[in-house]
Amino acid sequence: MSDTTAIANVFKLIEEYDIKFVLLRFTDIKGKEHGVSLPVNLVDEDLFEDGKMFDGSSVEGWKAINKADMLLMPMPETAVVDPFAQIPTLSLRCSIYEPSTMQSYDRDPRSIAIRAENYMRSTGIADEALFGPEPEFFLFDDVRFDVSMNRSSYSVDDIEAAWNTNKKYEDGNNAYRPLKKGGYCAVAPIDSAHDIRSEMCLILEEMGLVIEAHHHEVATAGQNEIATRFNTLTTKADETQIYKYVVQNVAYEHGKTACFMPKPITGDNGSGMHCNMSLSKDGKNVFQGDKYAGLSETALYYIGGIIKHAKALNAFTNPSTNSYKRLVPGFEAPVLLAYSASNRSASIRIPAVTNPKAIRIEARFPDPLANPYLAFAALLMAGLDGIINKIHPGDAMDKNLYDLPPEELQNIPAVASSLEEALNALEQDYEFLTKGNVFTQAFIDAFITIKRKEVERLNMTPHPVEFEMYYA
């Protein structure tokens, strides 16, 4: 869709749905969405040329207060009617621009994703990078947490939770709930959220996403997944933000709360965001070939780049301290940096396909707290580095990696074991990200500073488990 056609479509939607406000949405470094709403009478064609000024100093990691002015530049092709606004509202996703140069801001995650795609095209390796993330989430009935000088606690609860088998309910306990690790593809009445997910799917379709399936996930306490069709990198990152927005709002309307934390409960599976990837050139799948599992040599090199840079990638694909409570053996989390066909214990899997044209790779270590613009861009840059430098990943590992003896395990590299380790790796291994000025040094430094504050805060906070282990 050309800009002219896309802009015309914006005004068509405004008229068709009697839109009263236009919400300009943007994403910060941490992946959180923000928005500014404009009365519809202020929305004209000039908005798509001049943008809307806002205070960049109020967004963590962006501008100093003495250089705060920045521009929200709406992208007309992202226009979609907000299904949750009571007053008719049109949503437009924005990139961030510098008003002095009218160029994209180097710390804007969406602009980083666009630069990654442009860099890929400049190499001649591919025209399109296709991403298909699979974010998992929990639906809870009740979430509470308290952090102060003299106490620290949290609790989550859900009618599906295994710990509620003996709980007294006013209408009685019907006992239909998945036990620990017993929820995969459960059906009603054990799966209490089927209709909620179906409603999410219908709204996602209204907003332009293509739904492939939805189902209950492995964990107890309401773990779910909705699978959507792949798309090009930046567009899929946009769609991932829409996905989270819809899941959170539909849950809220049903008296539930959606949780995208990788490990909100102890002793059961966490939530991942497996990322399916392939490259396309002239309409052909670059990853299709005659090597292992139907991959091309280019695809193997792409895998090699991801494995080589995995610990640095973890800073973007697993950007929270909570992420590393998921990345431990025993809960279907892929911690070992190996690749294999259909082997879900490997961190990089080659899913089985019925059509060779659909061949792809799946990175299994990312989680849904990742900023999709940064995570997808970083994965692409690592893969491209592998292709350019012909980094072969070695032999595939087709055995169950969870059952390997210690002498074999020590020869297989692993993902980072903490956010601190991931940030240390990123400090040392970042040049593959700065090619083509995709990620700038200033952005990487700002990102590390923000994330180190999170690590330091957790490190300085006494934990209830410490009292259990050490108090008496």
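A Cβ is built for glycine as well, from the same backbone N, Cα and C atoms used for every other residue.
Database features (Swiss-Prot):
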BINDING   E134, H274, E362  Mg(2+) 1 binding site
BINDING   E136, E217, E225  Mg(2+) 2 binding site
BINDING   E212, N276, M277, S278, R344, R349, K357  ATP binding site
BINDING   N269, G270, R326, E332, R344, R364  L-glutamate binding site
DOMAIN    17-101  domain 'GS beta-grasp'
DOMAIN    109-472  domain 'GS catalytic'
MOD_RES   Y402  O-AMP-tyrosine
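Structure coloured by features recorded in Swiss-Prot.
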residue: E134; record: Mg(2+) 1 binding site; DSSP class: strand
residue: E225; record: Mg(2+) 2 binding site; DSSP class: strand
residue: N269; record: L-glutamate binding site; DSSP class: coil
residue: H274; record: Mg(2+) 1 binding site; DSSP class: strand
residue: R344; record: ATP binding site; DSSP class: coil
residue: K357; record: ATP binding site; DSSP class: helix
residue: E362; record: Mg(2+) 1 binding site; DSSP class: strand
residue: Y402; record: O-AMP-tyrosine; DSSP class: helix
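In three-state terms derived from DSSP, R326 (L-glutamate binding site) belongs to a helical segment.
In this structure, the C-alpha atom of E136 (Mg(2+) 2 binding site) lies 9 angstrom from that of G270 (L-glutamate binding site). In terms of Cα spacing, the binding-site residues E134, E225, N276, R349 all stay beyond 10 Å of G270 (L-glutamate binding site). Each of the binding-site residues R344, R349, K357 was scored by how many other Cβ atoms lie within 10 Å of its Cβ, and the smallest score goes to K357. Taking the Cα atom of each, K357 (ATP binding site) and E134 (Mg(2+) 1 binding site) are about 20 angstrom apart.
Across the residues the record lists as binding ATP (E212, N276, M277, S278, R344, R349, K357), the two Cα atoms farthest apart are 22 Å from each other. If you draw a 10 Å sphere around the CB of H274 (Mg(2+) 1 binding site), it holds 20 other CB atoms from the protein chains shown. Taking the C-alpha positions, the distance from R349 (ATP binding site) to E134 (Mg(2+) 1 binding site) comes to 14 Å. Inclusion criterion for the recorded positions E212, R364, Y402: a C-alpha placed within 10 angstroms of the C-alpha of H274 (Mg(2+) 1 binding site); this criterion is met by R364. A 10 Å radius around the C-alpha of N276 (ATP binding site) takes in these recorded positions out of E134, E217, N269, E362, R364, Y402, in sequence order: E134, E362, R364. Across the structure, R326 (L-glutamate binding site) and E362 (Mg(2+) 1 binding site) are spaced 18 Å apart at their Cα atoms.
Rounded to a whole number, the distance between the Cα atoms of R344 (ATP binding site) and R364 (L-glutamate binding site) is 8 Å. Annotated pair E225 (Mg(2+) 2 binding site) and M277 (ATP binding site), C-alpha to C-alpha distance, rounded: 18 Å. Among the recorded positions E134, M277, S278, R344, E362, Y402, not one has a Cα within 10 Å of the Cα of E217 (Mg(2+) 2 binding site).
The shortest Cα-Cα distance between M277 (ATP binding site) and any of the recorded positions E134, N269, E362, Y402 is the one to E362.
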